[in-house]
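Peer 1: To start, I am sharing the structure in question, which I have written as structure tokens.
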Amino acid sequence: MSYFSSLIANVIVMLGAISIFVWLKEDTTNTWIRRHRNAIMVVGGILFMLFVQSESWTNAHLSTVMMGFHWTYLNLEMIALYNFTLQTRTRWQLLSTLGLTTMWFVYNTKTYTANAILFYALVIVVEIAIFAGSRKILHSGWLYFGGLWLLAASAFKLTTVIYAHQDLLSWVRQISALLILQLGCFLYGQSLLSKIASTERKARFDELTGIHNFATFNQDLEQLFDDFKQNGHAYAIYCMDIDWFKRINDTYGHVAGNDVLRAVAQCLSREVESVEYEAVVYRTGGEEFTVILKNVITDPKRAAEVSLQLQRAVRKLRFDFAPEMEVHISIGQERVVPSDTSYLETYKRADKYLYTSKRSGRNRITVRGETLAEDI
């Protein structure tokens, strides 16, 4: 009965730890967490492992009932340390993993025999190998479980040197509990990540066009502005609006209007791939789109060329419901400057220049306040 109660308690503890860990790893809303994520995860992992090790020490020294290698804690320690090492790929995590393993070894070893030191070194080598191959391991279920059992085998061998040997029933209990615990943790973790990915996609992407939405644009723009202030990486914003879109809806219907929006989004996404700068396309309003070019250099001529490229590509679009119809867009372009004090200032200027283009007769381009000659 104590086996099942301990196993259930282990599962509950691990699922709770996984929930907190996944939240810390995936949270994008809290600026402080985002900036200090790796440090928080490493410290949190250390605190959790110290808690488990303290419980293990208490069980080993105060318990009147010996249960093999005190499996209820050894399994927890292996699974937690394995997943911390895989998920937090920093040198501080590696040092934490090796330090916690060394602490466990020192706590539990009464006599430092050659065999004990040899198998301790083996565990250390396995942990370093797991850290080095973490990216590949996380992308393969076979490697993921194989890595755990390699760590478990080396750790179990070390414990046979430190403690008295277990009988067959104890080994069955040890290994079956490890298998159940790790399988439960893996499935729960995958389920959490899948739900987070689905929710995040709905939150970050426009459902109609499939490109990034305004919320993502706002978040990305804030991050880019912070990066510009800290590292000087400049960016440019191209605001654009489909001209006479209401007329398209009124003439051909809203289904046709949706087709136009999807086509324009796909067209812009294709075109920016040929630009020399990293680019992201967003739908920032009903018929409004925005493109951000990252790490740009100051070049008004190139800014005008990119604007013309996007405008001409959209104009070439053709639709079955109106083969002769041309879709025109007006564009306003601006880049971030050192005097900007808010991440929204550049966007506001680009948006202002967009409406300068609209007031100039539509199908026009305004780059940093200067409206180009009409593109024919």
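Using the three backbone atoms N, Cα and C, a Cβ is placed for every residue, glycine included.
Summarising the annotation, TrEMBL assigns transmembrane segment to 6-24, 36-53, 65-84, 113-131, 143-165, 171-193. According to TrEMBL, the feature domain 'GGDEF' maps to 233-370.
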Peer 1: Taking only the residues in the domain 'GGDEF' (233-370), give me the average pLDDT of this model.
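Peer 2: When the pLDDT values over the domain 'GGDEF' (233-370) are averaged, the result is 95.
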Peer 1: Which residue counts does DSSP yield for the domain 'GGDEF' (233-370) in the helix, strand and coil classes, in that order?
Peer 2: 60 helix, 33 strand, 45 coil
